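> Let me begin by handing over the structure; questions about it come next.
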Amino acid sequence: MSRVYNFCSGPAALPEAVLKKAQAELLDWHGAGVSVMEMSHRSSEFMSILASAKARLSRLMNISDDYEILFVQGGASTLFSQIPANLANGFESACFLDTGAWSSKAIKEAKKYTKVNVVGSSKAQNYTTVPDFSTLELDESAAYLHICPNETIGGLEFADLPETNLPIVADLSSTILSRKVDVSKYGVIYAGAQKNVGPAGVVICIIRKDLLARSSDDLPAIWNFAHLAENDSMINTPPTFAIYLADLVFEWLEAQGGVEAIEQINIRKAQALYDFIDSSNFYSNPVDPVYRSRMNVPFILADESLEALFLQESEAAGLRTLAGHRSVGGMRASIYNAMPMEGIEALIEFMRGFEERHG
């Protein structure tokens, strides 16, 4: 068996060490005689897994006791509705920064629950840059400000935050644990697992405890952040195996030196790929260099008719899932934490050879 380099935007590659450990423990977790997939979510064994996952994540992100860590079922798209349903209660509106496809989806869903104030948008620039924060039309009486600091489809990322007293709600699905984040500056951080954390099916939700009081008892219990916090994310059976794998990924990340260490690796990976693209007359990236994503690198071939051949030859070379999102086309390399530098080097070597053959 030979594994390929998987550049899928999600579900994304997992560290091979994590997969091997899960494989070794699959039939018998730590002598329990059962798989994690089979054990009761209220057993002492699973409770220890859940506690470990929360503790490791707290260490990795330096999360204070002012925050609650929830493991929410579904994907981040579920939170597009769940967040306004909980946090906009008692408020007339919520503010949103529109920087790409995922911001737009969050805006669309939030409109079903509250008045949405789009305080800034880069749609007119085809989402290749970020609005000037000094021009944002923030309503300080709103429920919160929602942002998506990394847009996977457009390959755009920003690290700075707007100046506001509003709770900042951030979709970090594609950047969580890839770079250092000051959690204390956020009201809510949420992230679907299937990019940098584990398999699909669970969402990490880090919520400032004072915001839990906004959740109304009229909400379904399974959607109520306060009820989820009171029940340690276990109002019903949580996605146990996904949480277990997340804990293994957290363990792996600690062994790499933590978020600070992986961030430096991610900088080197992204810089190498962007440097090659910029040096080429055959490939190009449309995003403002200031806001290029470290996690998702879209690129365009000079001759669009060669795209199918590029994908065919790259897959044959062991470079999987390089097609851009169906809404934008082109190519895209998603290079999350689990992608080693060797994968970037292999991609660059292939791209150089393809250009020599077809450029």
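Yeah, the Cβs are placed from backbone N, Cα and C, and that goes for glycine too.
From Swiss-Prot, for reference:
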- SER9, ARG42: L-glutamate binding site (BINDING)
- ALA76, SER77, TRP102, THR152, ASP171, GLN194, ASN236, THR237: pyridoxal 5'-phosphate binding site (BINDING)
- LYS195: N6-(pyridoxal phosphate)lysine (MOD_RES)
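Mind mapping these onto the model and telling me what they sit next to?
In three-state terms derived from DSSP, ARG42 (L-glutamate binding site) belongs to neither a helical nor a strand segment and is classed as coil. Residue environment of ARG42 (L-glutamate binding site) contains 9 other Cβ atoms, counted within 10 Å of its Cβ in all protein chains.
Over all protein chains present, the Cβ of THR152 (pyridoxal 5'-phosphate binding site) has 26 other Cβ atoms lying within 10 Å.
LYS195 (N6-(pyridoxal phosphate)lysine) falls within neither a helix nor a strand when secondary structure is assigned with DSSP, and so counts as coil.
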> Fewest other CB within 10 angstroms, which one of the binding-site residues SER9, SER77, THR237?
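Per-residue Cβ counts within 10 Å for the binding-site residues SER9, SER77, THR237 bottom out at THR237.
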> List the binding-site residues among ARG42, ALA76, ASP171 whose C-alpha is within 10 Å of the C-alpha of LYS195 (N6-(pyridoxal phosphate)lysine), in sequence order, or say none.
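So the list is empty; none.
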> In the structure shown, with every protein chain counted, which of the binding-site residues GLN194, ASN236 has the densest set of Cβ atoms within 10 angstroms of its Cβ?
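Result for the most crowded candidate: GLN194.
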> DSSP three-state call for ASP171 (pyridoxal 5'-phosphate binding site): helix, strand or coil?
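Going by the DSSP assignment, ASP171 (pyridoxal 5'-phosphate binding site) falls within a strand, counted as strand.
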> Grab the pyridoxal 5'-phosphate binding residues from the record (ALA76, SER77, TRP102, THR152, ASP171, GLN194, ASN236, THR237) and give me their largest CA-CA distance in Å.
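It comes out at 31 Å between the most distant Cα atoms.
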